[in-house]
């Protein structure tokens, strides 16, 4: 018998009211393994993780209100006032459905199946015109109770309000399912293998893996402890992460956030990669894409890969620095030592100057050798360097590498920049009157599952950039009497406006003179002194920005005493 939306709603309610993550996972496990077949388990898992799927609707709260106001024949502004006051667009739309009985027929008993809901969501993701969206919504409303509709809206918003993420959902499927998901990022494969109890390391060509990451490091002794098998130092250029997949004659390129790389950044690279790796039938490479000045052979600053910025540099071309190989000619390499993976690249690459290059590395064993490298970093346009265990395996999604960035080397007390999310903003005064000119920056606390405030940032933007931010930032007035459930904030930092949809909030790289303590900020009382925006991280999303655990680690590194 098919799983109904009502059963799914009841599961979500049980999960949302349970505070223990172990018990949340147990609820999911019991529901999933209740004699379900593959199709049921896959749909349940997919809908429990609406944010990890491939369905994109590009419909924010205002657009949802606009669509349903036309269906319900209600004033959109009136509906939206309720959304601002209550902070829950799904609840508001469900309530207005009840008020619209004379205009719209709706169900008094829930009979929708999850399969029907999944089909509706798939159709909705394929239409972009307002009239077509309304047409699809009108088809399903007669089958919906108000509670059904609320839940469907939450699926569209990728937020079921259960305070749970992929790790806990997939652990309910199989104890090792989350580890495999990080490798292949393919939910269908994970579900199938979990049900077959065939959980083995899985890499699928043309499907991105979670990239291996680096955490901040301040001293050589720390690096020695974390890299007991010898240290490989790799120069870190200020570019964009790229994961390259080749299968026969086909190529795909993925960003750090696992999204396809903008095509103009990788034009002509199929032919270049074939020349650089002539023996490769199939492969997965990890690297950094940057713009290089062809006259000086020096990398250009971050952000120059955009179409407009790139056109300003006439003597420049896009270059990919390859620093790792995860798969080569039908052989999975992630469990091989780094030295062996590097040797495979070295044996198979034919470098193309300024286009395809093997990243430069050094083997070091003493503090003196590290000091010499510091001078190279300071004298060149290099962001810093990454320290890697010479015999380390590739662990997708894990921060096992170490990084030392130039900002610390230049004398800044901060050991790292922080990638924070814009939570709200404040109107300026004087010549900036009426313009949002100061921004409330924050991070996500995985324990409380709330967004915490870190700092207020008003520097780093030109007037033109500030105007673009004002034009593009999606905000609503901040209501002091209806603070959103997702936000942890003290009264002193209440903004004038707040981000309307946290999933659409931009990520900015914030740098300052130092991390500091602040009793008024809610990110474990950690803040940043003299903050400024050093760049807008278009390659990151609210999900991949630094979370509170990252901020705590960065703070700890910044206050640890220097090595004598």
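Here the Cβ of each residue, glycine as well, is placed from N, Cα and C on the backbone.
Now, the feature entries from Swiss-Prot:
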type     : residues                          : note
ACT_SITE : 236                               : active site, N6-AMP-lysine intermediate
BINDING  : 234, 241, 256, 288, 323, 399, 403 : ATP binding site
BINDING  : 288                               : divalent metal cation 1 binding site
BINDING  : 383                               : divalent metal cation 2 binding site
241, 403 as binding-site residues, winner by CB count within 10 A
403
Candidate with sparsest Cβ neighbourhood (10 Å radius) among 236, 256, 399, the listed recorded positions:
399
Between residue 236 (active site, N6-AMP-lysine intermediate) and residue 383 (divalent metal cation 2 binding site), what C-alpha distance do you get in Å?
6
When you measure from the Cβ of residue 323 (ATP binding site), how many other Cβ atoms are you left with inside 10 Å?
24
For residue 234 (ATP binding site) and residue 383 (divalent metal cation 2 binding site), determine the Cα separation and express it in whole Å.
11
Cα-to-Cα gap, residue 403 (ATP binding site) vs residue 383 (divalent metal cation 2 binding site), nearest whole Å
10
Helix, strand or coil: which one is residue 403 (ATP binding site) in, per DSSP?
strand
Between residue 383 (divalent metal cation 2 binding site) and residue 323 (ATP binding site): CA-CA distance (Å)
15
Whole-number answer please: how many Å between the C-alpha atoms of residue 241 (ATP binding site) and the residue listed as 'divalent metal cation 2 binding site'?
14
How many whole Å apart are the CA atoms of residue 399 (ATP binding site) and the residue listed as 'divalent metal cation 2 binding site'?
18
Where residue 288 (ATP binding site) and the residue listed as 'divalent metal cation 2 binding site' are concerned, what is their Cα separation in Å, rounded?
12
